[in-house]
Amino acid sequence: MASTTTCTRFTDEYQLFEELGKGAFSVVRRCMKIPTGQEYAAKIINTKKLSARDHQKLEREARICRLLKHPNIVRLHDSISEEGFHYLVFDLVTGGELFEDIVAREYYSEADASHCIQQILESVNHCHLNGIVHRDLKPENLLLASKSKGAAVKLADFGLAIEVQGDQQAWFGFAGTPGYLSPEVLRKDPYGKPVDMWACGVILYILLVGYPPFWDEDQHRLYQQIKAGAYDFPSPEWDTVTPEAKDLINKMLTINPAKRITASEALKHPWICQRSTVASMMHRQETVDCLKKFNARRKLKGAILTTMLATRNFSAKSLLKKPDGVKKRKSSSSVQMMESTESSNTTIEDEDVKARKQEIIKVTEQLIEAINNGDFEAYTKICDPGLTAFEPEALGNLVEGMDFHRFYFENALSKSNKPIHTIILNPHVHLVGDDAACIAYIRLTQYMDGSGMPKTMQSEETRVWHRRDGKWQNVHFHRSGSPTVPIN
């Protein structure tokens, strides 16, 4: 009988030290590779607590991080799965957050801001060249390699990152941190790489004056500002900023993603590549002072969130009222944890699941509307050509393809001039990974019979949906109860 061997490679090769940070299902600890003495940061995920979707997200994060090798990105060195735990071994970044370092400097100018955003753009460009969209660019995820002067800026936390094909635009779910979300995400439009460039525009704006371009305690009003692109360059603080810097911000904060500047284009902008002659060298004390207040607000919100998480006395709605994004801090160590804690992930996950379920209900309603209207063309656009079905009209047989359904559309549904109204009751949606879902519901159909009397039919339906190229298609349904076509 063959025996199964449990992997113990992490336990054998690495020694664990103090905790650097903590999330819902993971902890980050300093570790050392025993054979070399090299220090790293280990993100330790308790896989026993993960759902199937969480497992998929973990695999995606590891796959993405393995792909990205750049001096301005926190590097994944190892990914090891052991019994009950998964270990992601990252660079040990000890310089803390970029924004915290800036406020500790004696001198900070527009040219320094240019150098910071250049490194961020280099990391984003590398991601985009490799078909990766980060989706959560914000100050908390911009770290410094060390405490040394001139240490490299490192982009961290790829927990929300996605893989895209070329310039593909699709709906990948509602993800990000409120103040850095792009208009297209808020509109629930298909999106892609340009969302990262919008976030870069928000970050650059903050780097120059110490406060964000979009701000409101009320989240709905904040989102309205973002969708309208309602920002400006108020006096007096913007009077000393060069026109070239403002031009780059305008190109990044362009509402239309198709017209928004790309990372490679931004790196060629004069304010970036001709910094020494274009960017101002004047010390910006007002920016430093404002940035201190901005950082303090973020830390306060982080402390409040930590308390809420500890007591579990929180709701998705309360978490969504944090436009800056927040971080949970568990360690007094100077070492920075390189994962976003539950600040954005809880918010996004709750919002993402809710939005995706609503999407399935909406597309199901569209399909039923096509049936009621006798619109076979609209029906075929929503259904897979190989659609399988169990329905009363088929007398218990499994039917495949469109021909069986075409008969009813052409000979009954399209020729009916009776008013029909359908209600979906108690819809239950099960999300199966990122690209599949199942919905079960009661369907009530109201119509007028041949004698002009109102009638109601009831059926119980289950539909299976699969997303291809960003579009949901019905691949299977099972209906019991009344048939589709109202009987006189």
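Glycine residues also receive a Cβ, built from the backbone N, Cα and C atoms like all the rest.
Fair warning: this is a prediction, and the values are worked out from it, not measured in the lab.
Sequence annotations record features per position, and here Swiss-Prot assigns N-acetylalanine to A2 based on similarity to another entry.
Residues or ranges marked as domain 'Protein kinase' by Swiss-Prot on the basis of sequence analysis: 14-272.
A sphere of 10 angstroms centred on the C-beta of D136 (active site, proton acceptor) encloses 26 other C-beta atoms. The active site, proton acceptor annotation in Swiss-Prot covers D136 and is backed by sequence analysis.
Confidence over the region 'Autoinhibitory domain' (283-292), given as mean pLDDT on the 0 to 100 scale, stands at 89. Annotation source Swiss-Prot lists region 'Autoinhibitory domain' at 283-292.
The Cβ of T287 (phosphothreonine) has 26 neighbouring Cβ atoms from other residues within 10 Å, across all protein chains displayed. The phosphothreonine annotation in Swiss-Prot covers T287 (among others).
Sequence annotations record features per position, and here Swiss-Prot assigns region 'Calmodulin-binding' to 291-301 based on similarity to another entry.
The annotation phosphothreonine is assigned in Swiss-Prot to T306 (among others) on the grounds of similarity to another entry.
Per Swiss-Prot, the feature phosphothreonine maps to T307 (among others).
The phosphoserine annotation in Swiss-Prot covers S315 (among others).
For K317, the entry in Swiss-Prot reads N6-acetyllysine.
Positions annotated as phosphoserine by Swiss-Prot: S318 (among others).
Marked as region 'Disordered' by Swiss-Prot: 325-350.
Swiss-Prot lists 332-347 with the feature compositional bias 'Polar residues'.
For S340 (among others), the entry in Swiss-Prot reads phosphoserine.
Annotated phosphothreonine per Swiss-Prot: T341 (among others), in sequence order.
Per Swiss-Prot, phosphoserine is recorded for S343 (among others), and the stated evidence type is similarity to another entry.
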Alpha-carbon spacing, D136 (active site, proton acceptor) to T287 (phosphothreonine), which is rounded to whole Å = 24
